[in-house]
Every structure is written in structure tokens, then in C-alpha cells.
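Chemist: This structure is in C-alpha cells; I'll ask about it shortly.
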Amino acid sequence: MVGGGHRRKQHKGNCCCCSSPSCRTTMSAPSSKHKKLYQLWKGSNRFFCGGRMIFGPDVASLFLTTLLIGGPSIAFCFQVFSKIGHHTGNQQIGYENELLGYPVLLVGLILTISDLTFLFLTSGRDPGIVPRNSRPPESEEAFEIATPSMEWVNGRTPHLKLPRTKDVNVNGHSIKVKYCDTCLLYRPPRASHCSICNNCVQRFDHHCPWVGQCIGVRNYRFFYMFISTSTLLCLYVFIFSWVNILHVKKNDPLWMTMKREVLSVVLIVYCFIAVWFVGGLTVFHFYLICTNQTTYENFRYRYDKKENPYNKGMLRNIKEIFFSKIPPSMNNFRAWVLEDDHTDVGSITPNIGGLTSKEKLDIEMGSKLAEDGGIPVPDILQNLDYNGIDDDLKTKNADGGIVYDPFFFQVDQDHRDSEQGPTMEDGNLSDGRSSHRATTPILKS
């Protein structure tokens with residue numbers, strides 16, 4: 001049912017908002033009510049180049065990452081180039097620093113350009129966003145016996161019943177997929193909803209603040225190449241900065257040489273600190289690749305304690321990440337769509353009672369649990385302003401007491417309930433009147 005809501009609108013306005021690449025259509029003369037899909041996108045993403053590039057809401061961090069990579073790399077290349085210049089002007093000085101020649105400069109430039117390229121390939125592409133539906137999916141059990149815990153809260157569709165989770169078969173294993181209240185769909189296996197980008201992402205790994213984008217099925221390969229190239233670049237600059245110091249040292253004390261080669265010392269310290277971060281990420285994600293896990297699955301499900309249904313063996317897992325075809329995007333952000341069809345409406349949240357603590361933890365977006373009964377409150381009700389409603393329902397009687405409108409609060413029923421005998425609630429004896437104190441019709445001023 002993924003993207004089903006979009007497919008139904010394709011014939012309505014002669015436009016394509018379908019997620020399937022084969023259904024992408026470009027209108028020759030769109031009307032004023034038509035806009036590009038990226039202009040009406042409900043997620044938190046930011047688009048550039050007319051929807052050709054998609055970034056996360058924290059795209060500004062990309063400039064910081066570029067500076068942290070490009071700054072030391074340019075300084076290192078400048079240092080190597082200066083040594084080559086000395087070699088050209090002075091053969092003796094050049095002999096002392098002949099190890100820092102054109103090959104070292106060329107390799108440094110290649111690593112720097114490759115690292116920045118992988119960074120922008122990771123950050124500027126669709127990570128595997130699942131198109132959201134405009135209405136809830138049709139339930140296969142829609143006409144069976146009504147289950148109160150599965151009915152819709154708003155009551156407009158009492159025949160529609162949707163369970164919070166349903167089982168799908170993956171490689172002979174039964175996997176539970178969750179219903180997303182924001183995207184109005186059952187998430188595909190391994191997909192999760194990113195609270196930062198506000199999208200469901202296929203094979204969701206994590207949201208990386210350094211690249212300003214979610215890491216999913218369509219950019220995980222480039223993300224790993226980015227962190228591994230960053231590790232190689234740190235090691236490369238670290239090693240050849242030491243080579244420069246030791247080669248210039250000769251018979252002088254080491255600290256005297258380091259005073260003369262301040263730039264090399266700064267690069268050594270910087271790369272030593274950075275390599276622990278990017279190097280640790282590289283080793284950790286290589287382990288995830290070999291075991292076919294995502295960061296989200298590793299921290300949440302702990303496959304080391306139970307069988308991983310996606311593990312195909314180390315070689316096949318590596319082949320799947322690096323040598324398989326990247327799936328096409330499920331969204332055509334440059335397609336013309338009707339503006340009316342993409343107006344933002346409140347999400348419809350199923351009323352699902354009796355949740356366990358783990359199931360409550362699994363509810364990631366779209367509902368908040370009430371403090372008393374644990375009943376999910378729909379987003380459309382959470383945003384209402386209730387200030388002044390009580391005042392509108394109150395009037396004063398002749399004695400000065402506050403009387404509630406009898407059309408909203410039935411006085412007779414409340415009196416009958418208060419006259420009932422004691423009841424047992426939560427192991428304590430109750431006289432039956434405490435639960436009605438909030439709705440007592442007459443309050444003394």
C-alpha cells in the first residue's frame with residue numbers, strides 16, 4: 001500500500017504524484033493550482049536546483065563538515081607545494097625534503113576531492129524516502145467484527161479497523177511492521193520514521209548531523225565511502241606530517257624542529273583527534289555491513305542475541321552494499337501535482353489500547369499517550385485551544401454557585417452515580433463520588 005494514496009490521484013488532475021518511476025509524467029501546461037511535488041512536500045527537507053537536490057533540515061552543518069575536511073587538507077597541500085618550491089629554487093633544501101614531492105601532493109588532492117564528493121553524494125540525494133499516503137490504507141479486515149481497540153478515534157470511519165502492527169514474511173522469518181501515523185502507511189521492513197526529516201526511510205540507518213541527511217538504502221554506500229575516505233585522509237596527512245618533521249630534523253632536537261614546523265605539528269594533533277572519530281565509525285559500520293545490520297537495528301533489536309533474518313553471510317552482505325544496483329527513488333520531486341490534493345491535514349491516529357511498555361516505545365511518531373489511561377490522543381486534537389471552553393459552559397444560579405450547561409452534563413445521571421454503593425478501585429475502597437468530582441454540576445463559589 002506504499003504510495004497508494006498518490007496513485008489514486010494520478011487520474012484526477014492529469015498529473016503524476018505517483019511514487020513509481022514508470023508513472024512519472026510531466027504536464028505541458030500546468031494550471032495555477034499545479035505545483036512541483038517538492039514545493040508541497042510535507043517533510044522537513046530542503047530542496048535546491050529545482051528539486052534535483054534534497055537535503056535534510058540541518059543542511060547548514062554540511063558547510064561545517066566541508067570546512068573541517070577542506071581546511072586541513074588545503075593546508076597540507078600548501079605545505080607540500082611549498083617544499084616543492086624550495087626544491088626548485090634550492091637543490092640542497094629540496095634534497096632534504098624530496099619525500100614531499102608531486103606524488104604526495106597528487107595523492108593528497110585525490111583523497112580530498114574524493115572525500116568531499118562522497119560527502120555531497122551522501123547529503124544531496126534521496127536516502128530512500130517512502131511516499132506518504134493521503135488517506136489511511138484499506139484494511140483487509142474492514143468488515144469483520146468491530147474491535148474497539150482498533151477503531152478510529154474520530155468516528156468518521158467506524159468500519160475501518162487498523163492494527164498497530166502486522167506480520168510479513170522475510171526470508172522465512174515473521175517480521176512485524178508498524179503503522180506510521182504520520183505517513184499513513186505500514187512501513188516496509190527495515191524502514192523507520194525519522195523525527196528530524198519527518199519521513200519514513202527505507203533501510204533506515206540513522207540521521208547523520210554531519211552530513212545533514214538521513215542515511216538509508218540509497219545513500220548508505222556513499223556514506224561509508226565518505227567516512228572511510230576521511231579515515232584514510234587523516235592517516236595520510238598524519239603520517240606525512242611526521243615524515244616532514246623527521247626529515248627536516250637531522251641532528252637538531254625534536255622540539256626545535258617542531259618549533260620550526262608549526263603547521264605540521266597542528267596537522268598531527270588535528271588528525272590524531274579526528275581519526276579516532278571517523279576511524280571508529282568506519283570500523284563499526286564495516287562490522288554492520290558484514291552482519292547486514294543497520295545502526296538502528298543494532299541498538300534496538302540486538303541481533304547478537306537472536307537470529308538476524310537479513311544476514312546472508314559476510315561476502316554476500318558486502319556484495320549487497322557495494323556491488324548491487326541502487327534502487328531508484330520512489331519520489332519524482334519535479335512532477336506536477338494538484339495543490340488541493342496535497343493540502344496538509346491532521347494525521348488520523350488509531351485508538352489502540354492495552355499497549356505494553358515495549359509497544360509504547362515502538363510508537364515513534366503521530367500520537368501522545370494520555371497520562372491516566374494511556375489512550376493515544378490524535379494530533380488534530382492536541383493542537384486545539386481549550387482555553388475558555390469551561391467558561392462558555394458555566395452559568396451562575398441564584399445562590400451564586402456555578403452551574404454547568406445541562407445539555408453537556410446530565411445532572412440526573414451524576415446524582416444516580418453518586419448514590420451508588422462503595423466500589424473497589426485499584427485495591428482501595430471508593431465511595432463512587434470521587435470519580436465524578438470533575439463533572440459535579442454545581443460548584444460553590
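Placed from the backbone N, Cα and C atoms, the Cβ positions cover glycine too.
Straight out of TrEMBL:
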- 62-81: transmembrane segment (TRANSMEM)
- 101-122: transmembrane segment (TRANSMEM)
- 176-300: domain 'Palmitoyltransferase DHHC' (DOMAIN)
- 222-243: transmembrane segment (TRANSMEM)
- 263-290: transmembrane segment (TRANSMEM)
- 416-445: region 'Disordered' (REGION)
Chemist: What else in the chain is close to the transmembrane segment (101-122), if you only count residues 6 or more beyond its ends and a Cβ gap under 8 Å?
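Modeler: Result: 62, 65-66, 69-70, 73-74, 76-77, 80-81, 83-84, 87, 208, 211, 213, 215, 219, 222-223, 225-226, 229-230, 232-233, 236-237, 240.
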Chemist: By DSSP assignment, list the helix, strand and coil residue numbers for the domain 'Palmitoyltransferase DHHC' (176-300), in that order.
Modeler: 73 helix, 19 strand, 33 coil
Chemist: To what whole number does the mean pLDDT across the domain 'Palmitoyltransferase DHHC' (176-300) round?
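Modeler: It averages 93.
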